[in-house]
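Student: Swiss-Prot lists GLY110, THR111, ASN112, GLY113, LYS114, THR115, THR116 with the feature ATP binding site. Summarising the annotation, Swiss-Prot assigns N6-carboxylysine to LYS219 and lists sequence analysis as the type of evidence. Annotation comment: Swiss-Prot describes ARG381, ASP405, ASN406, PRO407, ARG408, GLY458, GLU462 as meso-2,6-diaminopimelate binding site. If you look up Swiss-Prot, you'll see 405-408 marked as motif 'Meso-diaminopimelate recognition motif'.
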Amino acid sequence: MKLVELIKNLTIELQDGPLDREISGIAYDSRRVKPGDLFICISGLKSDGHLFAGQAIENGAVAVLAERQLDTGGKATLLTTPDTRSALALLAANYYGRPSKSIRVVAVTGTNGKTTTTDLIKAILEEAGKKTAIMGTLYAQVGEIQREMQHTTPEALEIESFMALCREEKADYIVMEVSSHALQLQRVAEIDFNVAVFTNLTQDHLDFHQNMDNYRAAKLQLFQMIKEEKQNYAIINIDDPWAEEIFQAATIPCRSYGIKKRSDYQAGELKIDLDGSSFRLHYGDNSLMINMKLIGLFSIYNALAAISFALQEGIDPGLIQSALARVEGVPGRFEKVDCGQDFAVIVDYAHTPDGLENILQTSRELGKKRLICVFGCGGDRDRSKRPLMGEIAAKYSDFCVVTSDNPRSEDPHAIIAEIIPGMDKVEKSRYAIIVDRREAIRHAIHLARTGDLVVIAGKGHENYQLVKDQVLEFDDRKVAAELLRGKVK
């Protein structure tokens, strides 16, 4: 593709060099530049791409897009534009031929529940015979082709590349998790979404957004960017405190789901135990009984979001029932670890105050004898949620083991010291501090007796632990299983 074609509709402030150069690819990481590429200088959270333009040119870049004038030594065409991050989204879409226009794209956003909801939507669509791609926290996949993802929502270049692959594979739908980071950083700015699904909004990522107003504003962008076309709409959790604001901000028709408030798709007759959940869905003059292996009130909310979408798409109710009955669950989301012990062990990704409260409240309602919770808080992330999570853990648990999560560059002891004041607010609070996560899990399992429930929260599906600059092999599920096998013997 010629450079002049690639930059169509892009605001160019300065041009130094020819526009008839042939562009063979786009890169924003100088280490990945190949001969013939356009290199886009992105000012990131940790580094500035403008500092690596010279390296990109040495690696073969024939054009550079920047926010300020740079010396290319006459070896590459230099273009400047006000915002290279939004430019990356535009040029990636141009380069790959805007694949989202030819596939129905469903965006799922919210603090908690995105991964499970996308998984359930995919299961229902596939039950209905629709070829469905998925993109999210765990991976991106279409058919048998799977790509690992570095972020919940990757950079625009990776998104458009994957969507182009989905177009080649003739996918009918792409269901993707859309994070607040992606919305604020313009990663999805050029995608033609058809449906937006809202799960909930609670405190998270304030290390990035600074406050809840900014976090909320980032989420709202999704409901304002979808084109007002006949087949486009939003699905909203009406029980969430922020629902009304989304209804008012949305530029497309909205449908609601819920349990507590009157909604278009409403669940009643709820039953939850360690074998699964069931409920009756009421919509219009119709009702539908849903039985599934997923556990918890939060799982019912996720299922409601997926069902509401499916019914809006005109999918047969019987197919919805059979799809949900078969779903085993998402790795690391309220996942049982069973080695024949006479007490229950659950691993969950809950790493926000609301997420932790959801799983502990559900665990408490399961009616087991004692609830033992192992948890910590991530380093280099929103510090204000640490005492909140401590208070929640102490409120619902009979005993807590406070430990490391992913401490990153922070001292694990310092993180725990910010958790404890929240726990001390709870009069009945009982806890132990064991910084080593493996030993913390060992202690919780050692304490467990017949009929108890141990919840290991925070890391879920993750198979690593981030300590300083190291990525250590660590999987809560494997560690728990190994320790349980030792105890059962």
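Yeah, the Cβs are placed from backbone N, Cα and C, and that goes for glycine too.
Bear in mind that the values here come from a model prediction, so they are computed numbers and not experimental data.
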Student: Please give the sequence-distant neighbours of the motif 'Meso-diaminopimelate recognition motif' (405-408): residues at least 6 beyond its ends with Cβ less than 8 Å from one of its Cβ atoms.
Tutor: 351, 375-381, 415, 437, 458-459, 462, 465-468
Student: Any idea what DSSP makes of ARG408 (meso-2,6-diaminopimelate binding site), helix, strand or coil?
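Tutor: Once the DSSP labels are grouped into three classes, ARG408 (meso-2,6-diaminopimelate binding site) ends up as strand.
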Student: Please give the maximum pairwise Cα distance, in Å and rounded to a whole number, for the meso-2,6-diaminopimelate-binding set ARG381, ASP405, ASN406, PRO407, ARG408, GLY458, GLU462.
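Tutor: Overall maximum Cα spacing for these binding residues reaches 17 Å.
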Student: Within the same chain, and leaving aside ARG381, ASP405, ASN406, PRO407, ARG408, GLY458, GLU462, name every residue whose CB is within 8 angstroms of the centroid of the CB atoms belonging to the recorded meso-2,6-diaminopimelate site, in sequence order.
Tutor: HIS351, GLY376, CYS377, GLY378, GLY379, SER404, LYS459, GLN465, LEU466
Student: Check the Cα-Cα distances from ASN112 (ATP binding site) to the binding-site residues ARG381, PRO407, ARG408, GLY458, GLU462 and tell me which is shortest.
Tutor: GLY458
Student: Go through GLY110, PRO407, the listed binding-site residues, and name the one with the sparsest Cβ surroundings, counting other Cβ atoms within 10 Å.
Tutor: PRO407
Student: Have a look at the binding-site residues LYS114, ASN406, GLU462 and say which one has the shortest Cα distance to the residue listed as 'N6-carboxylysine'.
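Tutor: For the residue listed as 'N6-carboxylysine', the closest Cα among LYS114, ASN406, GLU462 is found at LYS114.
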Student: Do me a favour and check the Cα-Cα span between THR116 (ATP binding site) and GLY458 (meso-2,6-diaminopimelate binding site); whole Å is fine.
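Tutor: If we compare the Cα positions of THR116 (ATP binding site) and GLY458 (meso-2,6-diaminopimelate binding site), the gap is 16 Å.
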Student: Return the residues near ARG408 (meso-2,6-diaminopimelate binding site), defined as same-chain residues 6+ apart in sequence whose C-beta is under 8 angstroms from its C-beta, sorted by sequence, else 'none'.
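Tutor: Non-local contacts for ARG408 (meso-2,6-diaminopimelate binding site): GLY378, GLY379, ASP380, ARG381, LEU466, VAL467, LYS468.
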Student: If you measure from the Cα of LYS114 (ATP binding site), which of the binding-site residues ASP405, ASN406, PRO407, GLY458 is the nearest?
Tutor: GLY458
Student: Counting Cβ neighbours within 10 Å across all chains shown, tell me which of the binding-site residues THR115, THR116 comes out on top.
Tutor: THR116
Student: Check the DSSP secondary structure of LYS219 (N6-carboxylysine), expressed as helix, strand or coil.
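Tutor: LYS219 (N6-carboxylysine) sits in a helix per DSSP.
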Student: List the residues in the vicinity of the ATP site, defined as same-chain residues other than GLY110, THR111, ASN112, GLY113, LYS114, THR115, THR116 with C-beta within 8 angstroms of the site's C-beta centre.
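Tutor: Leaving out the recorded residues gives VAL108, THR117, GLU177, THR199, ASN200, ASN302.
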Student: Please report the Cα separation of THR111 (ATP binding site) and GLU462 (meso-2,6-diaminopimelate binding site) in Å, rounded to an integer.
Tutor: 18
Student: For THR115 (ATP binding site), what is the secondary structure state per DSSP, taken as helix, strand or coil?
Tutor: helix
